[in-house]
């Protein structure tokens, strides 16, 4: 019996060695398998370097603004290398919330009252341990505006605060009404076109520290809201500059893109349910003005806006609301330096709808357009857990404006 066991072990070992040698010889020893692997790798690398990894397109009519960015915000002129295994726009959009880390941030919450009796939740990161700006009265302040259903807990907001912390800046996050856990005191939420709440927040923050340099950064719908505010106020704002990320420039084009079958399946339906969930918590308050059962039957963002958002803010039709909410119509009136980052493969903001020609007519505006990146994606590196290309643009631009902003139109 022992001899049989030993013979079986010897046979198994010899068979294993034989198979291993055959695999080596047959696949790589002959050169065929190795050639296939190397050929595919070379072909993919060539495709990636020629078609995927590209320098962004910098659109600006003002040569001095361009030179300012090239010197103090050089990331906008450098090649963007998207994560090699997930560069496609939809994939970047879907994976970013799951892949990127969530830096720990301790907030101080403040509820401020509005003229109509409502309340707005602000989350402050005071950065009282700032080494560069120990004096709170002059510590630079960054106002952050999250996306459509986003709050101060979004990973992209946390990363912006982390970048600001390293530079010594203070941050405050503007949470739209009713989505950060606070109660609705009136039957009103928010939209991309109505800037009253943002105006109240900007006035409040500036009044607390009037000597502190003040910049705002908006993401997705937060960027649209910020652009609409800047288009309305022109130079009459305490903000010295603004950064916009993945804004939807033309709402008609955005909803049309999101209603394509694959995009509806991946994004539109989920986003609609998020909108419904955000207002369902306030159902008792909102039922005073709306047929909530009808609103909860919406299956697209357009249907939700038709039954709820456009009605809440008094627009005769949804087309009237979408026209008013589209920042491309107000870009000419922006009166302070604004940097706008978009990816042309963003299904939320299609590349053909980005107002390149309009931007060229305003010396205060610079567009940075990447070929890849999706919507609030901009992943880079083999395993993109930490800093994204968007984070680097944010950090460099904000630092450039706070520390060298006086040079922007004198270069």
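Positions of Cβ are set from backbone N, Cα and C atoms, glycine also.
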Transmembrane segment per TrEMBL - which of 25-49, 50-74: 25-49
Cβ-Cβ neighbours of residue 220 (active site, charge relay system) (radius 10 Å): 26
Cβ-based isolation winner (fewest other Cβ atoms within 10 Å) among the active-site residues 346, 375: 375
Alpha-carbon distance [residue 220 (active site, charge relay system); residue 346 (active site, charge relay system)] in Å: 11
